[in-house]
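**Q** Got a structure for you, questions after.
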There are 2 protein chains.
Amino acid sequence: MDFDIFECGDIQLQCGDTLRDAKLAYKTYGTLARGGGNVVVMPTFFTGSHSRNEGFFGPGRALDPARHFIVSINLFGGGLSSSPSTAASRQEAGNFPAIAFQDNIAAQHRLLTGHLGVKKIALVLGWSMAGCQAYHWAVQHPDLVLAILPFCASARTSPHNFVFLEGVKAALCADTQWNNGDYGTQPVEGLKAFGRAYAGWAFSQSFYRNGRYRDLGYESIADLLDDWAEDHARNWDANDLLAKIATWQAGDVSAGPEFEGNLEKALASIRARTILMPCAQDLYFPPEDNAYEAQHIPGAKFRPVLSEFGHCAANPGNDAGFTAQLDTNIAELLNA
Amino acid sequence: MDFDIFECGDIQLQCGDTLRDAKLAYKTYGTLARGGGNVVVMPTFFTGSHSRNEGFFGPGRALDPARHFIVSINLFGGGLSSSPSTAASRQEAGNFPAIAFQDNIAAQHRLLTGHLGVKKIALVLGWSMAGCQAYHWAVQHPDLVLAILPFCASARTSPHNFVFLEGVKAALCADTQWNNGDYGTQPVEGLKAFGRAYAGWAFSQSFYRNGRYRDLGYESIADLLDDWAEDHARNWDANDLLAKIATWQAGDVSAGPEFEGNLEKALASIRARTILMPCAQDLYFPPEDNAYEAQHIPGAKFRPVLSEFGHCAANPGNDAGFTAQLDTNIAELLNA
């Protein structure tokens, strides 16, 4: 086991339910500096994990464990932190409660401030659902978070993004083996359908038109689709995927009693230095939503990147140009 | 029955199989002019029919049965022309052969020239799969077709379009009730999943962001998704949908012995006056593919339209601005 578990105990959730015996799986890299000014928080993305986050930093890069204390924390539902597939009895499988981004951030906050002794966070950053968590960190803890860098993400899940997720969910749940979450064995056909339906959204039209899948080692589109289908069937629990999608679909920094759905007011409350970095060809986190956010977050910089890889531009190893700009933006935020 | 059936007999298909006792369901509007110069051909789109094509013409419009002889012809697989749900014995359901656009055009050609006595076609036009057929008409019969106007369509189905279709297919086929096409009753859950997965592609991101679904009479996104799911479950046969998707996915004007996959050569062979009219926000027939085609079709005009309705901009009644530009382009081609 290459990670640690933080026992959160029972957590009162935004939905009103309680998540019992909640666990956060996390890993730290580097050393907390005297004075504590080198803390970087990395939540995980949809199919991410602390280990997949490792592609975003390394020796000599803008984020480097030789200089930074990186805390990589697995999302609830990801299979390592509390998830339908691992939950305490009576909350397993289809009985897992609805988890908001706010609930993830509340638990992560307890880990960081209570357990790890963190007093300031230099930067929260991440791709996709991880980036969504960065916004939530900035809104929920404006005095703690000095900078955020969400890439291919948004502060509130857009209506179209919600609809796209309804589509991939429908593909999974069409498999009667899923049985409303009460399955003995995984709904393999549904998981494969989920992967195949997702693949059209993950990359841009020109990624497919120009055969960029060859850059990723696929000989053909059929190869790519089969691999996405097999990956989902082999590596994921259906209820875990659905739990994370529920978190994603409900994503909204303004949800809750403080902002009561007023997105602009929630964004205006952010004190963190902010760079928003969408991929212009992302089909479900299109740059328009970030451009709007940037108008409301004080001082926010809006820096879209062109990449045929679309949403997956940010996946480590896919697009060197995206990675270079990511590192430039990270360095700017850390060295301000 | 508000349409006629043309008995094509046995048809030798591009795939090598034979479609037995092939039938084309069609309807004509207006009168064939002396001299025959007023023939307009309208193939049907994916979920289209001759009656749904009626939204593209009418009294006082650019296309008007008072002046034009409009021949609206149902696509194989659409449920009225030969389809898995209606095919002759031993070709029904999952045994229905693969039908190419070329096969549709060959049968339509027999109806028009053999049965209806047509000598020239003033215009072939259509939305989406119907527009794809317009290109095929122009390539297969350059001496017969004077003009084409495909809107939200392409001459060869793009790789991303293929992938998007794999996704909605996967959603349908994840329902074990589908049973490889050999079902006793419709795979209702799969049909619903197909509709839900399709809805994210049919409109643009800003359609959902800006609540344009209200313009279509939906109170909420949930309403829209439920309606799309129910519509597919109620009105479609699963194998019919899959047969049409197979036609769509294989769409390529250059397929076959004459052009051997050389798209540019096939496009260069078009003699019809051509206007290509994509919607700039179409997620699966993006304008880039048409811009490329326009470089290779002699004299082709490339006229993208902006519409938040995305691919469904062309659905009659959705976007008055799109309709107005469509009529302008039709008039230009018919009056040249």
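Glycine too: its Cβ is placed from the backbone N, Cα and C atoms.
Straight from TrEMBL, here's the annotation block:
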DOMAIN    B:39-313  domain 'AB hydrolase-1'
ACT_SITE  B:Ser128  active site, nucleophile
ACT_SITE  B:Asp282  active site
ACT_SITE  B:His311  active site
**Q** To the nearest Å, how far is the Cα of the residue listed as 'active site, nucleophile' from the Cα of B:His311 (active site)?
**A** 8
**Q** Look at the active-site residues B:Ser128, B:Asp282, B:His311 and tell me which residue has the greatest number of other C-beta atoms within 10 angstroms of its C-beta.
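**A** Per the Cβ count within 10 Å, the most buried is B:Asp282.
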**Q** Using Cβ atoms and a cut-off of under 8 Å, determine which of the active-site residues B:Ser128, B:Asp282, B:His311 neighbour chain A, and list them by sequence position, or give 'none'.
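**A** It is none; no candidate comes close enough.
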**Q** Three states by DSSP: which one describes B:Asp282 (active site)?
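**A** SS state of B:Asp282 (active site) = coil.
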